[in-house]
Each structure stands twice: as C-alpha cells, then as structure tokens.
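Structure first, then comments.
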Number of protein chains: 2
Amino acid sequence: MIKPRTPPGIMELLPREQIAFQRMLDVIRRNYERFGFLPVETPVFELSEVLLTKSGGETERQVYFVQSTGALANAAADAEAGKGDGGPPELALRFDLTVPLARYVAEHEHELSFPFRRYQMQRVYRGERAQRGRFREFYQCDIDVIGKDTLNIRYDAEVLAVIHAVFSELGIGAFRVHLNNRKLMRGFFQAQGVTDPQQQALVLREVDKLDKRGADYVRDTLAGPDFGLPAAAVERILAFVAVRSQSHDDALARIDAALAQAGADAGEALRAGAAELREVLGLVKALGVPESAYCLNFSIARGLDYYTGTVYETQLVEHPEIGSICSGGRYEDLASHYTKSRLPGVGISIGLTRLFWQLREAGLIAGIAESSVQAMVALMDEARLDQALDIARHLRAGGINTEVQMEARKVGKQFQYAARAGIRFVVLAGEDELARGVVAVKDLAREQQFEVSREELAGTLRVELEQARALAGR
Amino acid sequence: MIKPRTPPGIMELLPREQIAFQRMLDVIRRNYERFGFLPVETPVFELSEVLLTKSGGETERQVYFVQSTGALANAAADAEAGKGDGGPPELALRFDLTVPLARYVAEHEHELSFPFRRYQMQRVYRGERAQRGRFREFYQCDIDVIGKDTLNIRYDAEVLAVIHAVFSELGIGAFRVHLNNRKLMRGFFQAQGVTDPQQQALVLREVDKLDKRGADYVRDTLAGPDFGLPAAAVERILAFVAVRSQSHDDALARIDAALAQAGADAGEALRAGAAELREVLGLVKALGVPESAYCLNFSIARGLDYYTGTVYETQLVEHPEIGSICSGGRYEDLASHYTKSRLPGVGISIGLTRLFWQLREAGLIAGIAESSVQAMVALMDEARLDQALDIARHLRAGGINTEVQMEARKVGKQFQYAARAGIRFVVLAGEDELARGVVAVKDLAREQQFEVSREELAGTLRVELEQARALAGR
C-alpha cells in the first residue's frame, strides 16, 4: 500500500475550491478576450537548448529537466561506459510564459499579424525550495502585445486598462496600478550625476531598504564612501522615489516637477520618459479608467535588465503587505535569441496560484464557491426514477447544471447532501406533484420552497440564477 | 542564434486554430458540468513512487521523469562517487488522468462526497515514438463517477447520456455509442467452454483479426490445434462478436438471444451481464438518448484487465476508420494501491488533441475558427483616437470582444487586417458620423454596411452575434 500524496510545493484543490479558482481564471480570460487578445498555449516542455538560452541561467531559474524512460536509460549507459557528461537532458519544463512566447513568435513570425496580441494562461514550473506560500507549480495569466520593429506607446495604456478591467471584475477590493517609466528613472539618475546603469541599479537596491532600515541609513550609505553622492543629490533621490501621485492632474504635475528639477541637466532619456508617461496617462483616462485606480510611483523599477520603458505594479489598497498582484512593463526586444527581427513588446503577468493562496490567507476570498451544480433532482421512490431522469433532462436542456439522485434515500439525507455540496436548488416530484404536472423546488440559498409547473421549471431557475449573478456583480 | 522550434510529437496551434480547439474544450466542459460533474485539476508531475505503482510498468507507459537542476546534480555526483543507481528520479509526468484520480480520491477520501462525480481536462504525457498523428503531449477530457463500496449500475447509463450530449453539441457528424458488457462477454465464452480468462483474451485477440485476415483464417485458427474449439462453438463465437443491434428493441432481443442460446449453460456472469445491459438500455432511453445514437456491439472488449462491466466505444457513423473517439467503462476498484476502501467506478475519456488532429485531417472540421475578437474599431485619423477608445470601451462594457486600431492607417489596410484575422465587425467613426452621434459598421460575414447610434451599437452587435450562434446550433 502506497501513501497517496502530492509532491511538496503543490497547491491541489478540493472541488469547491477548484470551482472558486476556475471562476477567477474565467474572469481573467473573459477580460483578456474582451480587449481583443488571442489565446495561445505552448507545450509544458521545451527543448533545453531553446529554453535555456543564457548559459549558467539554469541554476538561477531552478529548472526542472525532463527525460523519457529511454533517454534516462541511455544516459545511465553512457555514464557507465565512461562516456561522461552528455550535457543537460534534452527537455525542460517552462519556468515562465515569456520565453515560450518569444520562441512561439519567432517560430511563427510569418503566420502572425503584428502587433500580435496574445494571452496565455498555463502552469509554469520552478524548483523552488519548499516553503509556505511558495509553489513549484503555479498558474501564470499573461498578456503581451508584440510589435514588429516598433510598437506604439499607446499599447502601454491599453494594458493598464486591461489590468483595471480584470481586477474590477475579480472583486477582491480596491486596487491601484502603480506606474513608472524606466527611461524617466534613468534620466532622473543621470541628472543627479549617477550615469552608469550598474551604479543606478546599486542605488536603487539601497533605496529598496528604506522600509526596513529607515531613511537615515539609506541617506548615510548613499552619501558615504561606497557611493559618494552629494547630500543634495541624495535628498533629491529620496524625494523622487517617495513620489506617489494623488490624482490624474497631480501625476502630470509630478512629471513636470521632475523635468523642472533637472532643468538644464534634463537629458534625452528624462524627456522621452516624461513624454511617454504623459501619453500613457492621457490615454488611460480616455479609456475610462478612474483616476483612483492608478498613480505614479517613481520607486517601481522591476527587472532592471529587461524592462526599458513603462513598468506596472498593482497593489490592493487595503492590503499593501500582499505586494504586487499584477506586474509587467515594456521591453525592447522579445526574441533576440531566436530571430533577427526586432520585436518590442509590453505585457503583464498575474501569478494566480499564489494570489489565490494569499487572498485566502488574508481572508479576502472565501476560497470555496457555490457548486457548479445548480440543481439536484431528489429521488424518494425508486419507482419514480424515470420521471426524475426526465426532469433532469429538461433542466439540462434549459441550461441548468443538474445532478440527479440515482438511488432513493430519505429526503432529509438528500437535503443534507445538497447543502453540504453547495447546490442551490433541490427539485422534488412526489406522486401528488407528478399528478398535477408540477414540481416542488427548495431554494437552499433563500430557504424558501415553491411549486412550479414542469414546463416552467428550467426558465424559473435560470431567472433566479441570473438575478443572483447580477447581484454578485458578475 | 538558436532555431526556435518545439520538441517532436507536440501539437502547437496558431491563434485561430487555438480558438477552434478552445471551443471544443468549452463544449466538453459545459456538458460535463451540465450533468453535475465537478472540476478537479492535479499537478502535472506526481511522485514516481505514487505514480508508478506497478513494477516494470514504466517502460510500457513510456513515462517522462522530472528532475530539478539540484536533483540532477546530486544524481551525477552520486554516479561519479560510484554510489551507483539511486533508483528512478523522484518525480514523473502523469501519463493519464486515471492514476492521478485514484491518488486524489484516496488522499481526499474523507473530504469528498460519494458517489463522487469529477471531470478533469488536462494534458498528459507519453514518451511515444514520434510519428504522424501520435502526440507526446495531449489533452484528455475525462469524467468518472466513483462509489464507495458500491456504485449503482444506473450511473453507467448516465455516462452514456453525457457522451451523447457532448458529441451532439460538438456537431462533428452522426455518431453512435457502441455498448457491451464484460460480464456478458465472459459468460458467453464460458457457455462455449472457454472458461479460462486468459484463453478468452487469446480468443478475442484472434477475433480482432477478422477485418484483416478474414473469417476463414480466424475460423481455422480457433478450430485448429492452438485452441481446439468445436466447429459449432467457433461459429457461435463468430456470430456473437458480429452482433450490432439495429434499434432499442433489437438490442433487447439480442441480449435475450444470447441468453437463450446458452440455455442451461448460462452461468451467473452471463445472467448478470444481461441484466446490467438491460437496465442500462432502459435508463438510456429514459434519459432521452435517441436510439440512433447507441447500439450493442458484442465485439467491444477494451482493457481486459481493467474493465469489469459496461464498456463503451464511440464511432463516427460516416467515419469508422477514425476509430473510437470516446471510450471507457466500469471498473471494480479505482485505488487499491492507495487505500483499503473499495472504490468502484465508471468513466470515459476523450483524447481531444488526437481527435482534433484526426477531424482536421479528415476534413470534418475547418480547424480554424472565427476570431474571439468580435469587433474592431478602425482609426482613420490620429486626432480621433480618444473617440475610438471610447467606442471600444462601450463595446467592451456591452460584452463585445473588441480590438481597437491604435494607429491610423489606410482604411483598406484595416479591412484587410480584420478579414484576415477573422474579425466579423469593423466599426468606423469619421467626422461626419461622430457629429451625428452614429457609427458605421461593416459586417464582414454578411458583406453589409449599416449605421447605428453609438448608444445602440453594442446591443445591435450582441443581437447579431447571438443570432449567428443560434444558427450555428451553439
């Protein structure tokens, strides 16, 4: 007898949890499609040579390698024969959706229309050290717009509108998209005399310690021997990274202020970044995103070696401790390892497995949903099985997800089962009801019972379910 | 530069193919839910010890093993140090959804209600030899009903009704579920004097050669030295496996005939199998499945060591050469490796990746769908971008999947793009239209153009799209 268990670092759900999770996936998919993004799925494994384009990167990324029984036997035989290291296994599990997207776009370049707008919602794999809230298998829900040669800055605004649409419909509380621009950031640091990109990165790393170590520590470090920045520059840097705009107009004013402060020192990067941010803000407004849902945050940097323009992070207003729930940005070139074509893009990612776990831990979602089964046809007498099946058939034809009790049991037991399973309606048809062409319906949500003709049953339940959906804002 | 490519044996789709595939997945999911099945997802990898419960089974199943960078390095170090074979890697990719289901049900036994009805639609992995139409990664779409200790035969009828609902809505042509019962089959062979189960399997293997080698060859083999069956028994076997019922009543008559023929030799298995088949047929009718959609086929055996009662195969009436498109049956005990509880079940599986490929090869589906993007807002003048975004916002709020052209281009180019992308409606708002509060809509499906007020735009398109859906029978 083998103990049934999953490997560590896996989130496996019970059915009603799975339904809650699936509803979140559905909301995300619906909104991605609403904005015109097209579905893509890629295989769970890629050729290692294709996936791991940077040498030495495997360890960082904690990749899972894949070998068939045959490949494993061959490798063992080679090792035994002293043929030594045949290199890493041929296949590896994807660790994100970005590298597979790059491979996909480069491979199918001539069959796609650009700008190419794709969404992808699949699981990815990382051999993380097992710890609470860290998953080795998790869903990523990504969108990207990929241009050929160029990609208009306007898409950066549209992506922000998608974030807004998704999290509005998910209904997990007030949220705000924090917006920044890497060019503006780079230009600002240049104006402060920090011109080397690596030095900028080191300064930002110190700035990141503000919350933990306090302003004095950071001020002393930046002014100290390691950095040697003038005190005035340090103050300007600390003021800059503290910027959080309070409204749309305030955001525009903050951009103007950054430019004004740099004055004659304002270089091309700062001007370009400011112009991009202004355009993005203007279009975000035109797209109808309310100004409470976005702000400038000049401390947001994201992956320094990857993003080159707009960057986004999204926070729950009441729960900043959860961190960013949706991040992304603009990059220069998606697939330089695979094609000579220049493919700039902008995209975001939602790590849904972790988000679901965090929301549940924080008590922001119940973590279980009503059943996907909407009605249960009870069976009180074996002799009436055929009628029960017929009622179920009509309910299903009318669009109601219906389970039928296949064996007669005490009616109390059947109600208990339905309540525990999260099924809203229990349909009963005793001899008396059948004779009158009606059924009795018990609504477990409202704790009411009513009678309805068999012809009107499905329609009645459909109306009730649609009302509930409308009330829940779904 | 690395050549972007997928590993062999993978089916990767372009976006409009992916949409067509996704629609099939959606139909299957909708029907599984309609019949009250609950969603389950399991991790792509399981502990090898848990997954590979039968020793020596790995090779048969062509399993893919999984190792993190760290585990791989450890194994290499062990090998170098002469510590030899540490056994197979700790993790392996699932090769079907049945073993993970067994593990899931055994692991969560006390948190589930029985009979437990689950659906699962995920990809599985087999290290098959690469060849046309064989996939190493493919979708399985499964349902199972699992009982505790016992499971009423009635569920076997319901599962057949699910097959009928799924393939009716998929709309890939006339199909028929071929039904048999392993007990009846076993009982029939016993009555012919073939009592040993292994001998029965060998006889069935010969019978399977009927199409290829002809009746004379099979007749000679069964009557010859290897089997030594009396000529009369051989004739009865050949007549039995040729049975295909022509109607509901004919099916019942065929069961009676099998019993009558055995006469006094009819043992318990034959009687039990006949009774089960009769009950399943009766309930299938009560569930409203038309009799053209099912038949008895006494040659269907399926996995001889696994199924114990009802077995199903599903064939396209006009394309029997495609083989079974949905198979399954009744089994005695799901999870004997993991739990002492007896868990009988009945289930089916649709291998959607292969089915999609076969249907496309046979020309039975187009293999590409209309875009999931339903409307495109054209942009003819940069100055009207804000209005275009506003129109898009209203369309999206009204439930229309909408893409907006972010850069002004020649209108001809934009129509060309929409047509190529499979987008049905192109919305145009020039100065004149904007002044009058209307937009022009070009319907690329009907090749018509009309004007509509901006307020009524989304509603009008919704009606058009719903009509198209209704006409397509979706």
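The backbone N, Cα and C atoms fix where each Cβ goes, and this holds for glycine too.
Note that the structure is predicted; figures quoted are calculated from it, not measured.
Site annotation (TrEMBL): L-histidine is bound by B:ASP96, B:LEU97, B:THR98, B:GLN140, B:ASP144, B:ARG302, B:TYR306, B:TYR307, and the candidate from B:ARG126, B:ARG129, B:ARG132, B:ARG154 recorded at this site is B:ARG126. In three-state terms derived from DSSP, B:ARG302 (L-histidine binding site) belongs to neither a helical nor a strand segment and is classed as coil. Neighbour count (other Cβ atoms within 10 Å of the Cβ, all protein chains): 22 for B:THR98 (L-histidine binding site). Of all Cβ atoms in the shown protein chains, 22 besides its own fall within 10 Å of the Cβ of B:TYR307 (L-histidine binding site). Across the residues the record lists as binding L-histidine (B:ASP96, B:LEU97, B:THR98, B:ARG126, B:GLN140, B:ASP144, B:ARG302, B:TYR306, B:TYR307), the two Cα atoms farthest apart are 22 Å from each other. Shown in sequence order, B:ASP96, B:LEU97, B:GLN120, B:MET121, B:GLN122, B:ARG123, B:VAL124, B:SER349, B:ILE350, B:GLY351, B:LEU352 are the residues of the chain, 6+ apart in sequence, with a C-beta less than 8 angstroms from the C-beta of B:GLN140 (L-histidine binding site). Within 10 Å of the Cβ of B:ARG302 (L-histidine binding site) there are 16 other Cβ atoms, across all protein chains. In this view, B:ASP96 (L-histidine binding site) is surrounded by 16 other Cβ atoms within 10 Å of its Cβ, with every protein chain counted.
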